[in-house]
Amino acid sequence: MWCLLRGLGRPGALARGALGQQQSLGARALASAGSESRDEYSYVVVGAGSAGCVLAGRLTEDPAERVLLLEAGPKDVLAGSKRLSWKIHMPAALVANLCDDRYNWCYHTEVQRGLDGRVLYWPRGRVWGGSSSLNAMVYVRGHAEDYERWQRQGARGWDYAHCLPYFRKAQGHELGASRYRGADGPLRVSRGKTNHPLHCAFLEATQQAGYPLTEDMNGFQQEGFGWMDMTIHEGKRWSAACAYLHPALSRTNLKAEAETLVSRVLFEGTRAVGVEYVKNGQSHRAYASKEVILSGGAINSPQLLMLSGIGNADDLKKLGIPVVCHLPGVGQNLQDHLEIYIQQACTRPITLHSAQKPLRKVCIGLEWLWKFTGEGATAHLETGGFIRSQPGVPHPDIQFHFLPSQVIDHGRVPTQQEAYQVHVGPMRGTSVGWLKLRSANPQDHPVIQPNYLSTETDIEDFRLCVKLTREIFAQEALAPFRGKELQPGSHIQSDKEIDAFVRAKADSAYHPSCTCKMGQPSDPTAVVDPQTRVLGVENLRVVDASIMPSMVSGNLNAPTIMIAEKAADIIKGQPALWDKDVPVYKPRTLATQR
């Protein structure tokens with residue numbers, strides 16, 4: 001029926017036509033495989049990232065289900081030790097992996113016309129835990145209205161009432177349970193607690209500028225500024241692998257592989273039956289009696305669908321890939337958060353500049369290795385906030401992260417002086433991009449085209465980001481620390497100058513999403529239905545950030561884990577959790593911006 005909706009005739013006709021070659025190849029391959037012992041599981045999960053780790057943990061709670069988890073990258077521990085894998089597990093060492101291709105796909109975009117022709121670097125996790133093993137450990141759920149919007153966009157059953165219980169189920173917050181927080185979940189969450197004087201001064205400055213202080217931006221009131229929640233536990237990064245995968249490894253019904261690249265999904269007609277993968281240079285096959293589940297993320301999941309014959313038929317044929325199902329939404333609807341750094345010199349030697357000098361780094365590292373304490377035990381992005389950019393905006397559309405340091409080129413260039421900065425950017429940009437296969441070779445990175453700043457609305461929103469940040473930085477609370485403005489610089493004042501600065505300096509916040517959009521079967525851009533099943537085929541799901549219909553207002557790790565928790569219940573046939581009429585803050589008036 002789905003292929004008929006796509007205008008390609010009956011599924012049977014498609015199988016005899018465009019699928020003929022695929023079926024004959026598949027039949028020969030399956031016949032050949034039949035002569036060998038079949039490596040069969042209930043579920044094959046591709047990708048041990050934020051979502052895949054959740055699925056591995058939850059699906060193997062039933063001892064009758066056998067699960068194979070395949071990850072292209074290495075394990076996140078060396079010889080079972082987090083200390084030996086300090087680059088991953090020491091929170092302050094997060095920049096160490098941003099350019100390390102042992103743990104990172106190291107993607108790059110195409111040339112961005114809206115960013116002065118620049119090519120942007122996109123680090124993505126390629127390790128157990130995925131990007132939750134590389135990210136800044138900020139735990140942000142987004143706004144309740146994001147999930148109401150998903151419902152309106154066709155993701156029925158994914159409104160806030162049906163998502164909040166899964167946020168709670170996943171979360172083990174150090175502050176205990178509430179209507180909004182979970183206390184007993186596997187994902188350990190703590191509140192920023194260094195009380196660095198610059199963090200305190202920043203929060204005071206935001207209040208002097210007229211913004212509220214929120215005690216829990218993941219609870220009743222996202223709007224305002226406050227201390228951030230972090231996926232840090234006892235001084236160590238708490239990734240999805242720490243939360244879900246490692247506790248499940250002792251189960252006999254879970255097999256978790258590392259350094260294993262899946263090259264395609266295997267089909268019998270339009271039914272997914274397994275995957276083909278490469279390990280140690282050898283090709284292997286694994287079969288799923290129930291389902292194959294893709295959890296590779298917003299780049300790898302659509303890439304694997306297309307390599308397997310699911311995507312835009314014309315594009316696949318050009319690369320010689322047999323078409324299983326014409327699904328033109330695959331790889332489309334690419335969305336990402338873009339951000340800019342506003343940097344200010346600090347007149348006092350209290351920033352993290354000295355902590356990045358060689359001898360001091362050694363001391364910090366030794367303390368962390370010994371006790372998991374000290375400056376190595378935090379990511380330092382401990383305060384931030386969410387505000388509305390202008391009157392009439394119903395809920396926050398700008399996000400701030402404050403850092404008592406200076407970041408240059410993704411941290412690849414050492415800091416040059418005592419300075420502090422804000423990472424700021426719009427959360428619901430209107431520029432939408434796409435990704436496509438570069439070739440039929442699974443090892444080739446896809447073509448990534450985010451189309452950053454391709455709308456006038458987006459550049460106007462960034463203009464507001466710069467102006468509103470400058471207003472906060474000018475408040476009295478920061479006067480004792482305020483030196484000259486380093487970026488954009490006091491000479492940048494007019495709208496035209498600000499726009500030029502943004503186009504020259506804006507960079508990705510590392511939040512790609514929405515490339516396998518969830519929606520109704522009648523939506524020609526949808527890839528999966530609200531049960532996470534790939535449209536037009538059987539026994540195949542996608543569960544990760546790629547299925548978001550649209551971006552959430554914040555970081556993506558917490559929502560991705562929520563998606564996987566909810567999907568696990570769907571897959572197991574459990575009744576959906578829901579919590580009706582949970583109060584959510586609304587401004588008293590929209591006539592003012594704050």
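Numbering starts at 1 and runs along the chain as displayed.
Note: Cβ is positioned from N, Cα and C throughout, glycine not excepted.
As written in Swiss-Prot, here are the features:
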type	residues	note
ACT_SITE	HIS511	active site, proton acceptor
BINDING	42-71	FAD binding site
MOD_RES	LYS436	N6-succinyllysine
MOD_RES	LYS484	N6-succinyllysine
MOD_RES	LYS484	N6-acetyllysine
MOD_RES	LYS496	N6-succinyllysine
MOD_RES	LYS496	N6-acetyllysine
MOD_RES	LYS580	N6-acetyllysine
TRANSIT	1-29	transit peptide
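Location within the structure of each feature annotated in Swiss-Prot.
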{"residue": "SER42", "record": "FAD binding site", "Cβ within 10 Å": "17"}
{"residue": "VAL46", "record": "FAD binding site", "Cβ within 10 Å": "28"}
{"residue": "SER50", "record": "FAD binding site", "Cβ within 10 Å": "33"}
{"residue": "VAL54", "record": "FAD binding site", "Cβ within 10 Å": "31"}
{"residue": "ARG58", "record": "FAD binding site", "Cβ within 10 Å": "22"}
{"residue": "ARG66", "record": "FAD binding site", "Cβ within 10 Å": "21"}
{"residue": "LEU70", "record": "FAD binding site", "Cβ within 10 Å": "25"}
{"residue": "LYS436", "record": "N6-succinyllysine", "Cβ within 10 Å": "20"}
{"residue": "LYS496", "record": "N6-succinyllysine", "Cβ within 10 Å": "10"}
{"residue": "HIS511", "record": "active site, proton acceptor", "Cβ within 10 Å": "23"}
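Taking the Cα of VAL54 (FAD binding site) as the reference point, the closest of the recorded positions LYS436, LYS484, LYS496, HIS511, LYS580 is HIS511. Across the structure, SER42 (FAD binding site) and LYS496 (N6-succinyllysine) place their CA atoms 58 angstrom apart. For the pair LEU70 (FAD binding site) and LYS484 (N6-succinyllysine), the C-alpha distance works out to 50 angstrom.
You'll find the Cα of LYS484 (N6-succinyllysine) roughly 49 Å from the Cα of VAL46 (FAD binding site).
Note: ASP62 (FAD binding site) has non-local neighbours LYS572, i.e. same-chain residues 6+ apart with C-beta under 8 A of its own C-beta.
Proximity of LYS580 (N6-acetyllysine) to non-local residues of its own chain (separation of 6 or more, Cβ distance below 8 Å) is seen for ALA161, given in sequence order.
When the Cα atoms are compared, ARG58 (FAD binding site) and the residue listed as 'active site, proton acceptor' turn out to be 25 Å apart. In the three-state DSSP assignment, the secondary structure recorded for VAL54 (FAD binding site) is helix. Of all Cβ atoms in the protein chains displayed, 10 besides its own lie within 10 Å of the Cβ of LYS484 (N6-succinyllysine). Counting only the Cα atoms, the space from LYS496 (N6-succinyllysine) to HIS511 (active site, proton acceptor) is about 28 angstrom.
Comparing ARG66 (FAD binding site) with LYS436 (N6-succinyllysine), their Cα atoms are 33 Å apart once rounded. Under the DSSP three-state reduction, ASP62 (FAD binding site) is assigned to coil, being neither helix nor strand. Annotation note: the residue listed as 'active site, proton acceptor' sits in a coil segment as assigned by DSSP.
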